[in-house]
């Protein structure tokens with residue numbers, strides 16, 4: 001299958017497109033717009049020239065087997081010999097595998113893209129052309145008779161640049177392929193229909209101020225959707241529309257650079273630059289796009305600090321606290337950030353050691369502070385010279401001058417009412433512990449530093465002297481002793497002395513006073529502890545029984561040295577002697593052996609202990625020496641005489657433990673028996689003649705004095721009474737029970753315990769009985785009582801006076817009761 005070449009129209013070359021496109025527009029739309037004609041001519045003129053130049057050589061070139069078929073059948077090529085193919089010339093078809101169509105072309109008629117034709121078509125309309133592939137039937141339609149291919153829609157190269165289709169010639173009647181399918185490409189020819197775009201715009205860039213010409217600032221990039229290969233539609237050229245003469249741009253690389261030297265940030269910090277990108281190589285008719293670039297000048301340290309004024313004046317009270325700020329100075333710097341930071345120093349003046357200056361990190365102020373105390377009476381004013389210097393200096397601008405400035409500061413000290421000042425910040429006084437009362441220990445002094453010089457009064461802060469051991473003279477500050485001292489009790493006394501101005505009591509000063517109590521030899525030495533020595537019966541003569549030591553509460557300067565001796569009457573005792581050791585201790589030695597517990601169990605040895613003080617002090621301490629039984633190696637086993645009768649091998653501790661266990665068991669047995677007896681005792685114990693005050697408590701309350709229906713109290717008072725039924729008056733029983741007649745009269749020898757139990761049993765089974773376990777208290781006192789009944793129930797109801805003198809005759813147990821009644825009678829008479 002080949003494209004048909006007829007000298008008048010060449011379908012698959014650009015000339016065809018130009019000629020056909022222009023003629024089609026003119027035939028359908030009239031005159032073509034001048035702009036479109038110019039665009040088509042600019043685009044296709046090179047192709048026409050290329051066609052004119054190349055066409056003769058194309059016709060003269062040998063055919064390529066894969067692209068050219070003879071005008072006869074597709075099988076004719078197989079019958080040709082190599083010699084014929086080289087030496088014989090024949091009419092050949094045209095090589096084509098590409099077609100072109102102009103993008104964005106639209107008109108009233110579909111645009112003709114090209115024509116397919118086979119040499120097998122004799123023109124009898126028996127051949128049918130079929131088109132398949134990308135866009136076949138929708139975008140591209142083929143005339144099945146003529147082979148003309150038309151574009152039915154407006155094409156956009158930026159959406160799809162080429163379409164691959166397959167053409168085939170078949171027999172119209174049988175639909176049998178006349179030739180194999182042939183694939184070809186329709187390329188969409190680009191036109192300049194897209195303007196450049198800055199995708200990343202707008203831009204922001206920075207460049208240091210004072211930069212030299214040509215300093216790189218930033219680079220911008222524009223994109224063009226047109227074909228970058230064909231023509232100049234995507235060839236961009238950059239230029240500056242706004243921002244000159246400060247900046248320039250490279251036309252092809254779009255690199256923005258500085259165009260002016262020494263641009264000052266302090267004069268202008270921000271620049272607004274407009275960049276244009278134009279296609280078609282920047283020629284007339286090209287499309288363009290713009291973007292903005294905001295360029296900010298960054299700061300460099302090109303400005304020194306400068307004080308706002310050359311002289312500063314400050315005033316300060318003389319009693320200002322150390323470290324307190326008294327004023328601020330400020331050196332302004334036109335730079336910003338790190339380049340504006342300055343440090344302040346005092347470089348000259350008469351108060352360099354009195355004041356200091358520091359930098360405020362937030363405000364960059366110089367803060368002047370007091371370094372040492374001020375005194376108006378000593379110096380009333382100071383003059384300082386302060387300097388402010390940049391911390392970070394740029395070497396490129398150091399030639400511009402020193403990046404520092406100076407100013408003078410004058411400080412005036414004002415007088416203030418100051419508190420008294422002691423002659424010393426602390427005082428240390430010493431006094432002997434035997435000092436007399438009201439003796440002077442020491443003296444403190446203070447004065448008013450003000451010009452007026454107010455008198456001073458002294459006092460002791462009693463919070464530091466709670467026991468009031470010291471006094472002070474308010475006028476001269478002499479400290480005296482108020483109570484006796486004891487070094488052994490308290491060696492140090494720390495008090496605070498207060499000095500107050502008499503003219504202004506608010507001006508107060510305090511000073512600590514430490515009083516050390518000095519030692520005197522007023523304590524006698526004594527044993528360090530209560531010693532008890534043990535002497536073995538089988539001990540040897542000269543054996544050391546005990547080593548004792550002494551202590552002395554005093555504290556001599558040269559240390560303690562003790563002297564030991566026996567009482568004069570004990571010097572020649574036959575049993576013991578003493579020996580002084582080098583370490584200031586004493587050894588007790590036995591003079592003989594054969595000590596016996598049975599003969600004498602304990603020995604008392606008085607020892608005199610003396611110190612080396614002036615005057616010397618001494619005391620007598622008694623050492624107790626106990627004779628004990630010891631083992632063969634000298635270990636004490638027993639020190640009691642009874643140890644001789646104890647079984648061998650049983651210690652005293654074990655015997656004590658056994659005895660304690662036996663006593664504990666006996667106590668448990670006695671308690672157990674006692675509890676058993678109390679458990680088996682009757683509620684009321686009856687004696688033959690007298691049973692008194694046996695009260696049974698049920699832990700519940702009865703009905704009170706008004707509840708007289710629970711039991712017949714007279715029955716207890718008179719056991720010979722007959723049981724009778726007394727109905728309840730406070731409740732109405734559901735069942736009426738007959739009076740109980742089963743019990744015979746109680747004989748004279750009745751057992752009250754048994755009687756009460758019977759009554760309780762009847763009450764439990766009687767619904768008319770008192771509710772629940774109502775407590776009843778019985779006051780039965782037996783028969784034949786010499787005193788008679790003490791119950792209030794039998795008391796006379798009359799108001800006649802009674803004589804209670806007989807109570808005093810009943811013995812000491814009723815003495816208190818008789819006194820109460822006798823007092824009552826006397827009161828009544830009164």
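Cβ coordinates are placed from backbone N, Cα and C, and glycine is handled just like the others.
Predicted automatically and left uncurated, TrEMBL annotations should be read as such.
Per TrEMBL, the features are:
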| type | residues | note |
| --- | --- | --- |
| DOMAIN | 118-198 | domain 'Cadherin' |
| DOMAIN | 199-307 | domain 'Cadherin' |
| DOMAIN | 308-422 | domain 'Cadherin' |
| DOMAIN | 423-527 | domain 'Cadherin' |
| DOMAIN | 527-649 | domain 'Cadherin' |
| TRANSMEM | 644-673 | transmembrane segment |
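Helix first, then strand, then coil: DSSP counts for the domain 'Cadherin' (308-422) stand at 10 helix, 57 strand, 48 coil. Mean pLDDT of the predicted structure over the domain 'Cadherin' (308-422): 91. For the domain 'Cadherin' (423-527), the number of residues in each DSSP class (helix H, G, I; strand E, B; coil) is 3 helix, 47 strand, 55 coil. Summarised by DSSP class, the composition of the domain 'Cadherin' (118-198) is 0 helix, 35 strand, 46 coil.
Summarised by DSSP class, the composition of the domain 'Cadherin' (199-307) is 3 helix, 46 strand, 60 coil.
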